[in-house]
2 protein chains.
Amino acid sequence: MNSIHVETPLKNYNIHFEASFKSLPEHILELKKNYSKIAIISDDQVAPLYTSQVKTVLESLNVEILNFDFAHGEINKNYKTINLIYDFLITNQFDRQSLLIALGGGVVGDMVGFTAATYMRGIDFIQVPTSLLAQVDSSIGGKTGIDFNGYKNIVGAFHQPEMVYVNTKTLRTLPTQEFASGMGEVIKHSLIKDEAYMSFLENNVDAIKGLNHEAITELIKLSCLIKSDVVSKDEREQGLRATLNFGHTIGHAIERLMNFKRLHGECVALGMLAASHISYAIGHLTTSDMDRISSLIDLYNLPVKIDGLSPETIYTELFFDKKTKHHQLNFVLLKTIGTCYMDNQLNEKLIMEGIKAILK
Amino acid sequence: MNSIHVETPLKNYNIHFEASFKSLPEHILELKKNYSKIAIISDDQVAPLYTSQVKTVLESLNVEILNFDFAHGEINKNYKTINLIYDFLITNQFDRQSLLIALGGGVVGDMVGFTAATYMRGIDFIQVPTSLLAQVDSSIGGKTGIDFNGYKNIVGAFHQPEMVYVNTKTLRTLPTQEFASGMGEVIKHSLIKDEAYMSFLENNVDAIKGLNHEAITELIKLSCLIKSDVVSKDEREQGLRATLNFGHTIGHAIERLMNFKRLHGECVALGMLAASHISYAIGHLTTSDMDRISSLIDLYNLPVKIDGLSPETIYTELFFDKKTKHHQLNFVLLKTIGTCYMDNQLNEKLIMEGIKAILK
């Protein structure tokens, strides 16, 4: 199996898994779209590594191919960068029959996706994720967006790609810490959906961390299957999709309190541990389940404790986008390893217990 | 009939016709959405006339209702104004369960629609059009957008409203010239779709210009039916929807050449006359058809001639968004009064004949 088929209300598309960029042009031809132009859009960290490779591979399409790079990082995920991309597209006369390729990590995918969603009221785009986080998570599901006034992803659109093309070899240039961050979402997928997947992660630590081709391809496919299955059934986060927020309620609070200086996957790992502790306190998980979870997080170089924050500070931050502390919080909890459920009735005491479990 | 039901691929909604704002709350309740907050968004020309009226009427809903006004006009239809609206929504903690009401003309509808399409990846909005152009045209069809670097509507999204609510009485505060501009699109609807509608416009000039309630309601309904029928069948302008561009190929060129100092409907009127002349030159229309068309345009205070532009300047401007003059132009032409077709094979001579017919 080299592809997964994803169905959404408005569009069906494939996720392809390859060990190079070679098959990209043939998969573009399969779309039968006869594109007028193609833009490879990336950031200034990823572009020097891969843009010319992708450009060369696409030459066989006999279509004009241009590229545009912007300054990397969450700090540039805003309308100013989007305006630079619009400007590039207008200047080069991109039209409704043009194609954008998002080459890079999550920030690139979110921004190119948002540009594609809004340029001329929507044009086609392809996700070519190069980070683990983007490959197993953000490139799938059609969420696109930018930050505004410090609010993450508050401006955006649902816009599905025509295709996701994963070249697993790009992980070789990914910084170790970024790889660990991606593993946060991978571990999340196993915990909420698939106990056997968790065993696979436990039994193949060296192969996965060593980027063994078979192991890493298996991991990306399993995570893509879980993510795409959820978003196929619930594109717009009415219910099921919210289970993907496991670890994110407390994780996001920590991320904000650390001013985004800790990576997303690290904060999610802490959030998952806190939520698991709550599940344990309620009586769903056993002590050995808890040991398994924290061992796995530790094995993949993710934190199991954090210092410098008080439990009260974290608790208060959970309500940052709510009007009052009386507003309900939606928690995803584990029923067992591999199954989860939503709970919006947790009391302060239980939540504080979860938070305290991850403080040094 | 006080409502028209519109069906689109993603959403079905109603257009309501009333002589006041009174029924607005009951139609909002019919949506069964339990909105968390409502924002009435308007510009600084329309807001002083109607915002407090609408706010008072909505009090019965027992929902927090806020309002925001921005500086009016096409010149403010850009991301800077959109950012002010985002800021207002964030500051006042609008969430995914909130509702925006676009109260105003076409610019307000396009901008509030685009904000609704992109705030938190899409929230609900209602169109309450107060100009004739917005009531018969721009509020229907789901096109939202802003201008960028002088390119009209180049940034935007398809986002259907939950409802369109037309209070015909708002036309009483519309400047005469703006009313005439709206009549440009009304006449267009009759020419491309419905000869009987054209007769209605010919036979009721005084009643329509005098804003007689029955006549004006009939006119808005007939135009809404034509527009909504076309967009139901072709939301994303693959074919049929393009027939609504009758008069717009040459009309848009004139609009740009006049730096948007002539109103949209005036330029469309000139464009329709030029396109009709081409239809006549091809042999579809008779001399008496031509007389009927130019008389009707004249009766509704729209121009039948323009001076200060050379035919060559207008011809060249037709290609402003094309790479070369060899690029095909899509013209909508009349087969008869009330039926139209697309032609992308017109030669320069025929197009120049059409252009010359509208020059003084």
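Yeah, the Cβs are placed from backbone N, Cα and C, and that goes for glycine too.
Taken from TrEMBL, the feature domain '3-dehydroquinate synthase N-terminal' covers A:70-180.
Within 10 Å of the Cβ of A:S131 (NAD(+) binding site) there are 26 other Cβ atoms, across all protein chains. Per TrEMBL, the feature NAD(+) binding site maps to A:G106, A:V107, A:V108, A:G109, A:D110, A:T130, A:S131, A:K143, A:K152, A:T170, A:L171, A:R172, A:T173.
With DSSP classes pooled into helix, strand and coil, the tally for the domain '3-dehydroquinate synthase C-terminal' (A:182-324) is 102 helix, 1 strand, 40 coil. The domain '3-dehydroquinate synthase C-terminal' annotation in TrEMBL covers A:182-324.
What TrEMBL records for A:E185, A:H248, A:H264 is Zn(2+) binding site. Residue density at A:H248 (Zn(2+) binding site): 22 other Cβ atoms are found within 10 A of its Cβ, drawing on all protein chains shown.
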_Zn(2+) site shell beyond A:E185, A:H248, A:H264, criterion: Cβ within 8 Å of Cβ centroid_ = A:L133, A:D137, A:G184, A:K188, A:G247, A:G251, A:G265, A:C267, A:V268, A:G271
*Cβ-Cβ under 8 Å from A:H264 (Zn(2+) binding site), same chain, 6 or more residues apart: which ones?*
A:L133, A:S181, A:G184, A:G251, A:E255
*Secondary structure at A:S131 (NAD(+) binding site) (DSSP, helix/strand/coil)?*
coil
*Just counting, how many other CB atoms are there within 10 A of the CB of A:E185 (Zn(2+) binding site)?*
27
_Where A:V108 (NAD(+) binding site) falls in three-state DSSP terms_ = helix
*Largest pairwise Cα distance, Å, within the listed NAD(+) binders A:G106, A:V107, A:V108, A:G109, A:D110, A:T130, A:S131, A:K143, A:K152, A:T170, A:L171, A:R172, A:T173?*
28
*May I ask for the distance between A:D110 (NAD(+) binding site) and A:E185 (Zn(2+) binding site), taken between their Cα atoms and rounded to an integer number of Å?*
17
*With DSSP as the yardstick, break the domain '3-dehydroquinate synthase N-terminal' (A:70-180) down into helix, strand and coil residue counts.*
47 helix, 33 strand, 31 coil
*Other Cβ atoms within 10 Å is the metric here; tell me which of the binding-site residues A:G106, A:V108, A:D110, A:K152, A:L171 scores highest.*
A:V108
